[in-house]
Amino acid sequence: MDFFFSRRRMSGLTFRSTKAHWTANLSRPCSHGPTGLFVPPSPPLDPEKIKELQRFITLSKKLLVITGAGISTESGIPDYRSEKVGLYARTDRRPIQHVDFIRSAPVRQRYWARNFVGWPQFSSHQPNPAHWALSNWEKLGKLHWLVTQNVDALHSKAGNQRLTELHGCMHRVLCLSCGEQTPRRVLQERFRVLNPSWSAEAQGVAPDGDVFLTEEQVRSFQVPSCDRCGGPLKPDVVFFGDTVNPDKVDFVHRRVKEADSLLVVGSSLQVYSGYRFILTAREKKLPIAILNIGPTRSDDLACLKLDSRCGELLPLIDPQ
């Protein structure tokens, strides 16, 4: 995905190889730094709003939660749309398009070179208190279903099982020809073997494991093919311009119709793939609450809107 973040603040990923030995130089700041780096400013917690959310959760018996990138910014993962700190606010670059990835070998080469450099950092991010809170809600029977628009696997790392990854997961790779699935960590080793003398320093970090490299750095990078059929490989995620699998969409619609309330956490709902479930909830007359810093596409449909950090507010709520 074609993004870079401030080189002054975010550069610091360097990868060098001598045969099979690889090292990462993280001596300079990177997205493992202050978790607030990618979180937009928010007002202090309002005790009355906390009480209102507590009442909403207490009255919910089959709660469906939809999460977006705003829940993971507190884990150090940048998002696209946050005011002042999102990538759209800092650069005019835009993410890779599905059709470009499918049609162009050079586009795939550039994508995988950048993803290879960004992967060790991206894959090491950990759940924050908001993820752990939702995992606890599931264990206690409060959470009927969790739908995430994120591809970072942080809900899985926190232990959620009643989970749909709407846009897929970066921790899986698919062959575009035969559909063979490979763990992303396995592919990382194949990259290393194919590129024993390749080195690159990232000029910044973007969402979803992407970093910024020059075209010269990318040119010599070798990309493996599918072990099974020799076809091209793609992360198991929905790129911009692609569509979510209809069966997955139908499955989530059924979960929404089973629910008695819906909570949005960390999403502006600008992407239709998530917004459509808000429309289904409205048709079913479900109460909707939204926890997101900044306006969303569905504020006028919500009975409760909170502009707070997810990781500060959710742990305060008693799901019993």
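For all residues, glycine too, the Cβ spot is worked out from N, Cα and C.
What TrEMBL says about a protein is an automatic prediction, not a curated fact.
Copied over from TrEMBL:
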type	residues	note
DOMAIN	43-320	domain 'Deacetylase sirtuin-type'
BINDING	68-88, 149-152, 266-268, 292-294, Cys310	NAD(+) binding site
ACT_SITE	His167	active site, proton acceptor
BINDING	Cys175, Cys178, Cys226, Cys229	Zn(2+) binding site
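Annotated features, which come from TrEMBL, shown on the structure.
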residue	record	Cβ contacts under 8 Å, 6 or more apart
His167	active site, proton acceptor	Gln149, Asn150, Val151, Val237, Val238, Val244, Ser273
Cys175	Zn(2+) binding site	Gln181, Thr182, Cys226, Arg228, Cys229, Gly231, Pro232, Leu233, Lys234
Cys178	Zn(2+) binding site	Cys226, Arg228, Cys229, Gly231
Asn292	NAD(+) binding site	Gly68, Gly70, Val264, Val265, Gly266, Ser267, Ser268, Lys305, Leu306, Asp307
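It is Cys229, among the binding-site residues Cys226, Cys229, whose Cβ has the fewest other Cβ atoms within 10 Å in the structure shown. Each of the binding-site residues Gly68, Gly76 was scored by the number of other CB atoms within 10 A of its CB, and the lowest score belongs to Gly76. Same-chain neighbours of the Zn(2+) site beyond Cys175, Cys178, Cys226, Cys229, judged by a C-beta within 8 angstroms of the site's C-beta center, are, in sequence order, Leu176, Ser177, Gly179, Glu180, Ser225, Asp227, Arg228, Gly230, Gly231.
There are 25 other CB atoms within 10 A of the CB of Asp152 (NAD(+) binding site), with all protein chains counted.
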